[in-house]
Structures are given as structure tokens and as C-alpha cells.
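Colleague: Feature table excerpt (TrEMBL):
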- 188-254: domain 'Transglutaminase-like' (DOMAIN)
Amino acid sequence: MVRQEPKEPCGIVDDQFFDRRTMTETAVKIRAGYNIAFQCLQETPMNLLLSVHPSRQQHIIGEHKIRFAPEVPARDFTDMFGNICTRIVAPAGRIDISNDFLIEDSGLPDPAAPGARQLPIAELPDDALIYLLGSRYCDTDKLSNLAWSLFGGITSGWERVQAIVDYTHNQIEFGYQYARNDRTASEGHSERIGVCRDFAHLAVTLCRCMNIPARYCTGYLGDIGVPVDPAPMDFSAWFEVYLEGRWYTFDARHNHPRIGRIVIARGRDAADVAISTSFGTAQLLQFEVITHEVTEQPAAEHQARLSKVA
């Protein structure tokens, strides 16, 4: 089984975004999508997490559809974390997987709530408890003593989470050349190098050590409201914590609120949100992610362009 990981029912989901009734003059439209190709030696069952999370689908303009070339039967299901998964059997040879869509966003940066309270364990919703436990890449047992020594004296709640984010941001040096898909949080801490997933894993782990529910997120994050990064676009990773009755977004790599996050999946760590899991040999041939703000473009015009490509 090979997993390609990105560079609910959960009744307490709160996407802290908006619905169409609360859109303001700050709203922006974002073009997002991907072109991914695999080479399979034989027919290979695959599970894909490439659809926008249900909590953001109401903001999609027009069609959001995963396209396959050659065409193959596909079936969606919802996993235990509330993510949309797509099952296919890839044929022997090359298969191209793509999507290209428009989505509306508030245009506002990640919400901040300094002073938000950390709830006692006894007051946490049942669905949040799983996000207090160690997981494949979030090895809480190895970092618990460190976490309490560093953050035990800091006011619980938002201030403590921000201290964890600051520490993680300074502890790890970002570089695409540092990517390693089996690095745990404790290894990221000791090696002091990594990519966005390593920042998220370390921050999630330290939060859990401090009894703060934290979950890993992956999705699109374009260079909106910030200088454009010349490096090729990739899926991004960040995390969310549960404080005072809702989930809040934090990003230990960038360490400042960003505009235009489009969540694809949430889970305990990257193992739960791999963009593809192949049950057989599948060589990655192409990987391109698109995310950027667009000027006003009618949905009909956008869909007409897509139909010509398809």
C-alpha cells in the first residue's frame, strides 16, 4: 500500500468562515485545482482525498469535479473524519487526475481570538477527545515532558497555543529539499528541518501534550495578500485547535493569519489525509497544484472553458 501525502462525523466542526449571507465587499474568488498523473504496472485500487471539504462546498462557483483520463468509474464516500474520499481502480499504464474550479472566499485573514479559553477535559465534546491522543506522526509520548517544561507556565488557552506556534516556527527551518514523508513530530523537533507538514505535526503534538485538542488540516493556500512565492505550488498543511467551543486555525510555518485557505481534509495527522493511497505500485509522474485569486469571471464562462478542456 503506497500513500501520497501532501507537501467528521464531527459535530463540532466550525469552519470559521461564512455563508453566502455574510459575504462582504472583501470577498474574493479563487481558482484552484491540480493536475496529477500516475503510472501503474497493473490495475491498482486507489483511494483519493482530492475533493474540497464538505464545509466549503457551498462556496464553490459552478462545477467541482475530479476528471480522469482515461475515464474510470469513481465512487465517493465520507470517512470517519468527515472528509470526502473517492475510490477508483486505476488501469495499467498512465492515469491523469485533474480538477479546476472557482470558489468564493471571504477575503479575510484567519480569525483571531486572543483570550479564548482552554476548556477542561471534562467539558470537551466527545468528538474532540480523539484529537488529544498521540497518532502515527504526532508522538506525544516523546514530547510531553518538553511541552510541559516549555509551556506549563504560560496562561492556558490562546496565549499558550500562540506560544507553541511561535516555538515551532522558530524551531524548524523550512525547505522543500527537507521533505521526508516518514518524519515524526519528535524527529522534526530534533532535526530542525522540514516542510509545512512537519511544522503542523510538531505544533499539533505540543498542543495535545498540553491537553489542547488539535487536528491536522490539508488543502489549498495560495499567495493571496502576501508576496508571491516563486517555488512551484503544493498542497499546504496547517492545524486547528479547539478553544472555548469552536475550532481556530493556526499555521506554524507562516505564523501569521492568511487569506484564502481551502480545506480539503482534516485528521489526526498526515496519515489520515493522504491525497492518494494506492494498493499496488503507482509511480507519481506529474504533480501540479493551482491556487490563485482571480478577477471577476462569470461561472458560465469558466465552465465553458473547462468543457473545452474535458
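The backbone N, Cα and C atoms fix where each Cβ goes, glycine too.
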Colleague: For the domain 'Transglutaminase-like' (188-254), what's the model's average pLDDT?
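Modeller: Residues in the domain 'Transglutaminase-like' (188-254) carry a mean pLDDT of 97 in this prediction.
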Colleague: What counts of helix, strand and coil residues does DSSP assign across the domain 'Transglutaminase-like' (188-254)?
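Modeller: Looking at the domain 'Transglutaminase-like' (188-254) with DSSP, the answer is 18 helix, 22 strand, 27 coil.
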